[in-house]
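First the structure, in the form of structure tokens, and then the observations on it.
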Amino acid sequence: MSTVSSSRGSAPRLLAIVGPTGTGKSELAVDLAEELGGEVVNADAMQLYKGMDIGTAKLTTAERRGVPHHLLDVLDVTETASVAAYQRHARHAVEELLEAGRTPLLVGGSGLYVQAVLDDLAFPGTDEQVRARWEEELHLHGAAVLHRRLRELDPVAADAILPTNGRRLVRALEVIEITGRPFSAHLPKPGPPRYGAVLVGLDREVAELDDRIDLRVTRMFDNGLVEEVRELEKQGLRRGRTASRALGYQQVLAELDGAGDMAAAAAETAKLHRRFVRRQRSWFRRDKRIHWFDAARPGLAGDVRALLDT
């Protein structure tokens with residue numbers, strides 16, 4: 001089996017496949033991993049969680065076709081996801097693969113997680129009193145109010161953080177208060193990426209991707225998302241500060257607490273996914289290192305391989 005470098009005469013490099021949700025990144029990664037002698041390193045924050053399969057569109061074991069996937073199913077739903085911890089584990093996985101002569105494929109739509117691997121992303125300190133005050137604001141007024149406040153202070157960070165992600169909103173507002181600088185100012189300016197990485201972005205026409213999102217959400221509910229949430233409730237999903245706020249899961253939990261209208265939960269989930277796609281697109285389009293491809297184009301895998309050989 002060949003590697004990325006087989007025609008380059010050098011060691012394999014990291015290939016990052018990024019872009020909005022629903023574009024086909026995971027499927028392309030498996031195709032390329034088979035051809036390049038590679039393994040996938042997950043960069044989707046919610047696919048870190050065990051049991052969160054249907055609602056995150058995690059590839060099944062069969063769909064992975066024997067390609068090893070790293071950093072899937074590594075957290076319990078009660079654990080809080082941390083970009084700093086992810087950075088350590090993902091870089092370790094990438095470096096082990098490179099040392100073994102394997103091609104790492106960093107795959108996902110969580111922009112901050114991707115940047116944590118590729119760039120010199122540092123993490124500002126914390127202030128427990130400031131954080132506690134913002135957590136109280138979250139409890140009293142809700143995540144949407146904090147998101148509006150963040151948009152006033154740092155529109156770039158607001159684009160990158162979901163209005164439902166209270167934990168990340170609190171952290172961003174905490175950093176702004178204790179440093180006196182926008183949260184986004186702590187993000188590194190993209191330069192030469194670590195590991196000599198090649199960055200590939202997938203996107204689709206807006207209407208086409210919206211339709212794909214709607215179909216994906218319909219299938220999630222048809223394929224048992226509500227049952228998955230009920231099972232995860234038994235494992236402490238409601239106590240999970242990160243997992244309980246994932247798109248789809250939060251909406252199902254709300255309906256289980258209320259009228260039980262899962263059609264309404266599905267409609268809200270689809271709407272929020274479409275909104276999330278636009279935020280992802282805005283985040284990734286700022287990174288000029290990314291080579292963009294229409295995910296619908298024929299021969300996509302071959303075109304990406306050709307890019308690696310240039």
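Cβ coordinates come from backbone N, Cα and C, glycine included.
Features as listed in Swiss-Prot:
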type	residues	note
BINDING	Gly19, Pro20, Thr21, Gly22, Thr23, Gly24, Lys25, Ser26	ATP binding site
BINDING	Thr21, Gly22, Thr23, Gly24, Lys25, Ser26	substrate binding site
SITE	Ser110	site 'Interaction with substrate tRNA'
SITE	Arg131	site 'Interaction with substrate tRNA'
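Known features from Swiss-Prot, placed on the structure.
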residue: Gly19; record: ATP binding site; CB count, 10 Å: 29
residue: Pro20; record: ATP binding site; CB count, 10 Å: 27
residue: Thr21; record: ATP binding site; CB count, 10 Å: 21
residue: Gly22; record: ATP binding site; CB count, 10 Å: 26
residue: Thr23; record: ATP binding site; CB count, 10 Å: 26
residue: Gly24; record: ATP binding site; CB count, 10 Å: 16
residue: Lys25; record: ATP binding site; CB count, 10 Å: 24
residue: Ser26; record: ATP binding site; CB count, 10 Å: 22
residue: Ser110; record: site 'Interaction with substrate tRNA'; CB count, 10 Å: 23
residue: Arg131; record: site 'Interaction with substrate tRNA'; CB count, 10 Å: 17
Here the Cα-Cα span from Gly24 (ATP binding site) to Arg131 (site 'Interaction with substrate tRNA'), rounded to a whole number of angstrom, reaches 37
Spacing of the two Cα atoms, Thr23 (ATP binding site) and Ser110 (site 'Interaction with substrate tRNA'), in whole angstrom, works out to 14
Students should find that the Cα atoms of Ser110 (site 'Interaction with substrate tRNA') and Lys25 (ATP binding site) sit apart, in Å rounded to an integer, by 12
For substrate, residues beyond Thr21, Gly22, Thr23, Gly24, Lys25, Ser26 with C-beta within 8 angstroms of the site's Cβ centre include exactly Gly19, Pro20, Glu27, Ala57, Gly109, Leu202, Ala295
Note on ATP: the CB centroid of Gly19, Pro20, Thr21, Gly22, Thr23, Gly24, Lys25, Ser26 has further same-chain residues inside 8 Å, namely Gly109, Leu202, Ala295
Between the C-alpha atoms of Gly22 (ATP binding site) and Arg131 (site 'Interaction with substrate tRNA'), the distance in angstrom, to the nearest integer, is 34
If you measure between the CA atoms of Pro20 (ATP binding site) and Arg131 (site 'Interaction with substrate tRNA') and round to the nearest Å, you get 30
As a whole number of Å, the Cα atom of Gly19 (ATP binding site) is distant from the Cα atom of Arg131 (site 'Interaction with substrate tRNA') by 31
Thr23 (ATP binding site), DSSP three-state class -> coil
Thr21 (ATP binding site) sits from Arg131 (site 'Interaction with substrate tRNA') (Cα to Cα, rounded, in Å) at a distance of 30
